[in-house]
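Below: one structure, written as structure tokens.
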Amino acid sequence: MALLVHLKTVSELRGRGDRIAKVTFRGQSFHSRVLENCEDVADFDEIFRWPVASSIDNNEVLEIQIFNYSKVFSNKLIGTFRMVLQKVVEENHVEVTDTLIDDNNAIIKTRLCVEVRYQDTNGTVGSWDDGDFLGDESLQEEEKDSQETDGLLPGSRLGSRAPGEKSFRRTGRSVFSAMKLGKNRLHKEETLRPDEPAVLEMDDLDRLGTRLAEGMDPDCVSLASVTALTTNVSNKRSKPDIKMEPGRPMDYQVSITVIEARQLVGLNMDPVVCVEVGDDKKYTSMKESTNCPYYNEYFVFDFHVTPDVMFDKIIKISVIHSKNLLRSGTLVGSFKMDVGTVYSQPEHQFHHKWAILSDPDDISAGLKGYVKCDVAVVGKGDNIKTPHKANETEEDDIEGNLLLPEGVPAERQWARFYVKIYRAEGLPRMNTSLMANVKKAFIGENKDLVDPYVQVFFAGQKGKTSVQKNSYEPLWNEQVVFTDLFPPLCKRMKVQIRDSDKVNDVAIGTHFIDLRKISNDGDKGFLPTLGPAWVNMYGSTRNYTLLDEHQDLNEGLGEGVSFRARLMLGLAVEILDTSNPELTSSTEVQVEQATPVSESCTGKIEEFFLFGAFLEASMIDRKNGEKPITFEVTIGNYGNEVDGLSRPQRPRPQKEPGDEEEVDLIQNSSDEETEEGGDLASVSSTPPMRPQITDRNYFHLPYLEQKPCIYIKSWWPDQRRRLYNANIMDHIADKLEEGLNDVQEMIKTEKSYPERRLRGVLEELSCGCRRFLSLADKDQGHMSRTRLDRERLKSCLRELESMGQQAKTLRAQVKRHTVRDKLRLCQNFLQKLRFLSDEPQHSIPDVFIWMMSNNKRIAYARVPSKDLLFSIVEEELGKDCAKVKTLFLKLPGKRGLGSMGWTVQAKVELYLWLGLSKQRKDFLCGLPCGFEEVKAAQALGLHSFPPISLVYTKKQVFQLRAHMYQARSLFAADSSGLSDPFARVFFINQSQCTEVLNETLCPTWDQMLVFDNLELYGEAQELRDDPPIIVIEIYDQDSMGKCDFMGRTFAKPVVKMADEEYCPPRFPPQLEYYQIYRGNATAGDLLAAFELLQIGPAGKADLPPIDGPMDMDRGPIMPVPMGIRPVLSKYRIEVLFWGLRDLKRVNLAQVDRPRVDIECAGKGVQSSMIHNYKKNPNFSTLVKWFEVDLPENELLHPPLNIRVVDCRAFGRYTLVGSHAVSSLRRFIYRPPDHSAPNWNSTVRLLRGCRVLCHWGPSSHPAGEIVVNMEPEAPVKKLETMVKLDATSDAVIKVDVADEEKEKKKKKKKGSSDEPEEEEPDESMLDWWSKYFASIDTMKEQLRQQDTSGMDLEEKEEIDNTDGLKGPLKGKEKAKVAKEEKKKKSQGPGPGQGVEAPEKKKSKIDELKVYPKELEAEFDHFEDWLHTFNLLRGKTGDDEDGSTEEERIVGRFKGSLCMYKVPLPEEVAREAGFDPAYGMFQGIPSNDPINVLVRVYVVRATDLHPADINGKADPYIAIRLGKTDIRDKENYISKQLNPVFGKSFDIEASFPMESMLTVSVYDWDLVGTDDLIGETKIDLENRFYSKHRATCGIAQTYSIHGYNIWRDPMKPSQILTRLCKEGKVDGPHFGPPGRVKVSNRVFTGPSEMEDENGHKGPTDEHVALCALRHWEDIPRVGCRLVPEHVETRPLLNPDKPGIEQGRLELWVDMFPMDISAPGTPLDISPRKPKKYELRVIVWNTDEVVLEDDDFFTGEKSSDIFVRGWLKGQQEDKQDTDVHYHSLTGEGNFNWRYLFPFDYLAAEEKIVISKKESMFSWDETEYKIPARLTLQIWDADHFSADDFLGAIELDLNRFPRGAKTAKQCTMEMATGEVDVPLVSIFKQKRVKGWWPLLARNENDEFELTGKVEAELHLLTAEEAEKNPVGLARNEPDPLEKPNRPDTAFVWFLNPLKSIKYLICTRYKWLIIKIVLALLALLMLGLFLYSLPGYMVKKLLGA
């Protein structure tokens, strides 16, 4: 069979250019040759041939694209021609001349002439099939339709039809055949012409190469993927979803450390920090009178909720001023973010970040201070890497470490969030109020029974609209306004419709708005915006009971099972300008009226049509098998039995005369659909039918050939574009996901060329992105597009464009060794696509399918409407539209959780189609063909009326053969830890079971199940491409009761039609792995194959014979036939039996005589029995072996089972536990390949390690290589790795002279760069110096790793661009050269290539601090001894959630080795080969051995608080065997970061006591002590490991001092022993300073000095050098454990999986049979040193004048100075008062004395004090050493006024100014560079310092200056040289000389009056006297005037 396409010419081209054609069929494309310089006609004249494995379908499509060819850029598309091959199939030969269409589906002039031939197998051709399209509708209607939708598929346009040819349209989904062309590709060369290679890209060439090799093209061939359903993705079926089960509650822990606060606004406050998570509040202690309190308090909040609820909780950190018992204090400022923001951070935490406080009541105020905190959120199973806490010298850069996620600006602005609530529809009747029913009964008033209002929750605040009484369709038009900082740190906003009720309000439905989806923070981004748009709400079912069991669903928890209501809302954000005075400055939630919007703003209401056909309903749970069953389909409220019928349907849109299109359509289709008939009533449920029995558990509905249908008309706003765009992105994402799964599978199964498949996937991705860009931009002018629609489209276009570009560049970089990294990058693409495709503005609600029995709703499935939406453009089509979808119905709500939810309630094969009613004529197109429609009575004459059922006339008979080979890693269902599994296979309405295999988790059934006489309805050809799926369920057989469900998987059979040969490549089918799911978890794999064989006319005789014997021992069971079962080879498996550990009791009896049985593929071996487990749990016989036949293909190896049984009396056996080794690959022994040179170094070198090879001059013996190493190399050089082939000798030389030179050089350099730190004094150094130096190194290394990770990436890019370089060695040389250059550029001279900070370090010897367990670093010490956990089964049903930890009943120690028989000769011939030990040569004896175990516990960090006060009183407890040490007396009071510094010695005997438990307990005064956490260490594996973990190897060897050698064996003895055990030649010492081991030579210092400084010769240094490079020794080399401290997580069994803190410790072990070790190291915590700080306050100046004089109004101040050391506020000291300073000058000569304890290493003051009067004991605090000085103004009656302060950090504070003039404010704020001094180095400092306070605008201002002298003495010096406090003896200070104005009032009052009157007010008084005299005169005049007048008049 073949399809031939003869492409003749293309004419009427425009312009001149090079042309190329691309012809595509079934996803396989060919290119023509390039025609150069064509003008208007391109004469291609080429024939392309496709061999076709399956006959061509009537609706497959051939596509021809013509491009302008470009050598440089991508080819530019001229036009496309698509042709449906129906005509070709019919006539075998068609010749067509037609026009092309361009990208936008518009016709262009260019024409194309092509001839197509088709040769069928038997020469027959098909005939037209009327099911494919509807009859001859009027052409005008189709024209209309094509305008309405987005243009028809090209190739079926009106213009291109011959007259009389029927109009038809391609409606299937994809032209990819299921077979991918039978996976047998034609070689490209067949179409090559001599002038063609111009188009072959590089890639094509390498494809051709492999195609010649393998006959197929890996870029295109899809693997049988993980779920096996992607194998043949087909046209008519969509993939079922395997995973079920919504989120269930989990344990979460939020831990917050409040470290300190800075720059709090306010004067002299007493701050408390309140930490709130959700509704829980906790407070820190109160710190008095400070603006920068230091707390270091740790709070933990535990929750057990679902993830959604957890991530919406708000974390709020607020600072409150002066809170006490009586008053709640005033809020200074707060900060909030949601838990989800923290959880989405790397490592789920913020570490040491500063939260910005702002005041919610005053938004114009700016920031109110900073709080420094750590916030972490841990879920079960997350392990948090706490950044290592060391003595942090915090020169804090607050701005650079803000508590904000990446990308959020530091200056957040205030913004208003307007949530506009317009109206709601479709609310359910909430008859919660019984009164309503009573009213209705009496008065007959029928009101709507719901009083809805809307409540909005955002960022911890909530606002609600008004209540609309009695309304199902309430109208609010209100907006809820939130004010918050933007961008907000809360991801989601919750909008809830609630029903107001007298008793309690209930939620009707909930919707979450994810702010990330409605905004974009990029530079071209947009603020959050939404709507106005409808959102749909889902929740519980709408049957109205008083108590709704699914009420949680309405609160938004879990998946809604029914439509509840829809709400029209909008959201807008406005950034506020806080400087605007009119702004209301509160952030209270406000509710205002909103402007109403028009009906049409959400889109034109269109009539949608939903059609469904039920093709099969099976697997109905037997509980529901009694009563008749019906299925109901609803969309929104349409189709809902309860309200869909009781409420009037929304009217059809009114037809106005202006609406041309509608009217037209009705006139034209009048012959087919009259108005009356057009209003078809919806049929939303299938007729009831009684189920029939399938088998014991399940029933099915006997639909047979009659398939019931449903159809629903509904009216929704037409917002299809949104869904179309989402669908295009979903399609791209689905393809990408499938491709990535393939690549992962290829990597996992080690198939060749995964990189090619990945390139193909990326190619597909970039094509998909390009396609999106061309499709998504349509419908731009849509009226109802919201702002979000436009902005989202823009950002999606941008994102996909850049993704397409990235995919393209990535594709070029995919090389074999980078596949994994690139795969990770592709996963990011996938996440991004899924994020983008989720549309926040809903339109059409989801479709629900409910199974009803006896009027009860039983189970449901929910299908998103976008997946069903029809579109003419293939990419926009929903993925399940017009497809048969397999749905598994599940129980609603909480009932569906846990094991109940895993049982399938019913499996439905359902065909669904959803689209506009206008496009309805296509709705049957995807159904399997061969049916007749049955219409409802009233619709008989109407053509497009939907059928109420389909009757299938065509029926095919098949036989299914299920080859069930084996399953592995199944779930343990029995209490024994095993299961008795059998598989049940379902296919349509039949089911069969395999046999039950007892007691195994890896059953090999090797059984063929034959299903006979399967009747499938439909066309044979379609069934071939789209067989129904097979469901396989695995159960555990129980003797009583019903079987336990263990998991489920799906498969598709390979189909053979009657006319096909049973021959390769398709038959016999290959066994494949199918992943088994149990709920959401994977529960093993099934290895099986399935074939579906058509029974032809000749009956079963034609089928391939069922050969192979019936397996008579097993009854009538047919084994899997030969061609399918794997090919076997003989393997030998050797087992090392070491011992059993920690066996728990079985059925309350102790295990006494255990034995281990090993079984693999039916064969096995038993260990010897342990006679007394208590006395010696090790086996007497170490090695046994057995032979077994296993598949050649390693991937098909069955698991190996390890089972431990206890031999009881009377020959009874009890199973203790079992372990399945699922993959034996790591135990396969592969003999070394001697032909390959031993350059295994390359791998190491490529890891970026340094190579320091100086190819020395010929003076060295031949083949020797010198490697220089400094003896005390700093960090960078310890990584040196030297690996050379086994033949050459390497010399490793260590020079001491270099170091001396270096020291001299440093001295010469002197103080050029910075004052050189003095050599640390040997006597000063202790173990802690070493520890702290090492921690600094570790931090430095981590930092370097971060940066070097980046470098490597860049380097890789460079390598990729350079193409293939020379062979590897060249690269290495280049690298070495680069490194050398780097070193030279870094610093002068050899050995100085290390940055400055490390110069100082190299003087202290260091150890290695591991930030994790030692096991993690050394592969669990399983270098030869492996530990297998033995698991027991479940004991009850509730244990499904139990973790593996809880099921462990003990551990088996041993190992395995397997190899093909016979073994190569040379292995057995090696020296000293002992055949009894087989491959396990040279293992130590396992007899009991006594060991001294020495445990050093350094410190614990971040402990979980155990007491109510948020602290703990921890102490250490150690348990090993019977020894139990509890160090209870030395508990550390109220500490979460205690430093223990203790060592414990325990004698133990391995193997009985080998598990060391170190726990931290919390001491309690009363009651028992609580366990905080514990860590377990397996000492035995460490003891026997080749890495020698008994005692770490130090960096240098010394016999005295802080770095003393701990091991009783000296380095030379250890070296000798290692060489002897490893059968290595050596060690040969001599000449001095040189040792030779095997073929390596090490050189180093040859002398050492003892305590007295005498030097003596020694070999220890070189021996140590050899040990430190033991991994370079050929054959036996491995890394030896260095001297170290490991960090282990503490776990608490009550809170599984959540870390409770970390413990730093190390363990040394010494066998008792060698000399005893020395005394343990002293690591006790450093005692703080006692100091006394003497502060003399001499003078102040320029102090602000605060008081107004009572008489004179003159400004003055009564100054005094207060001082204290941080943390000792209660010991504050004040000077006397300098009264009435008029100039701000004050003289004091006053001395403060502050004694304190100080830890120099940590730069902290140590304070011990009782927390409160009720405390039992003192608590120790460590606080930074800071001195606070304040100036105050004294007042007699009111409180003193605070004027200003300065805080000096005694370790680094600005040097004081010489004079008051030079003293400026900038010295304190750090704006100018002032030299910093440390009082601990300077001892005595004197100078002027500025004092600052904040003004009303929150800015600092200078309020005074103080002259002070600081003098630091140790306690001893202070005792010898005492001084008095204030001005007292001894050594008194003289009295200050203060001016007398200060006391003038009290001395002579008269003088002061004179001063008052004379000086100031003389003239004022004179003026007042004169004025008074004048007034007196005037008064007298007026008084005497009347008398005189009378006298005058009367002439008296």
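Each residue, glycine too, has its Cβ placed from N, Cα and C.
No curator has checked TrEMBL annotations; they are predicted automatically.
Among the features that TrEMBL reports, compositional bias 'Acidic residues' is placed at 129-145 (among others).
Under the heading compositional bias 'Acidic residues', TrEMBL lists 658-678 (among others).
The feature compositional bias 'Acidic residues' is assigned by TrEMBL to 1313-1323 (among others).
Sequence annotations record features per position, and here TrEMBL assigns compositional bias 'Acidic residues' to 1351-1360 (among others).
For 1369-1382, the entry in TrEMBL reads compositional bias 'Basic and acidic residues'.
Residues or ranges marked as domain 'C2' in TrEMBL: 1-98 (among others).
Annotation source TrEMBL lists domain 'C2' at 234-355 (among others). Each residue of the domain 'C2' (234-355) gets a DSSP state, and the totals for helix, strand and coil are 14 helix, 62 strand, 46 coil.
The feature domain 'C2' is assigned by TrEMBL to 398-529 (among others).
Mean pLDDT for the domain 'C2' (942-1067) in this predicted model: 85. The domain 'C2' annotation in TrEMBL covers 942-1067 (among others).
DSSP assignment over the domain 'C2' (1113-1240) gives 11 helix, 57 strand, 60 coil. Residues or ranges marked as domain 'C2' in TrEMBL: 1113-1240 (among others).
Under DSSP, residues within the domain 'C2' (1474-1592) fall into helix, strand and coil as 9 helix, 53 strand, 57 coil. The domain 'C2' annotation in TrEMBL covers 1474-1592 (among others).
If you look up TrEMBL, you'll see 1713-1864 (among others) marked as domain 'C2'.
The transmembrane segment annotation in TrEMBL covers 1963-1983.
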Annotated stretches the domain 'C2' (234-355) and the domain 'C2' (1113-1240) touching (3 or more Cβ pairs under 8 Å): no
DSSP helix/strand/coil residue counts for the domain 'C2' (398-529): 13 helix, 56 strand, 63 coil
Tally of DSSP helical, extended and coil residues in the domain 'C2' (1-98): 6 helix, 60 strand, 32 coil
For the domain 'C2' (942-1067), the number of residues DSSP places in helix, strand and coil: 6 helix, 63 strand, 57 coil
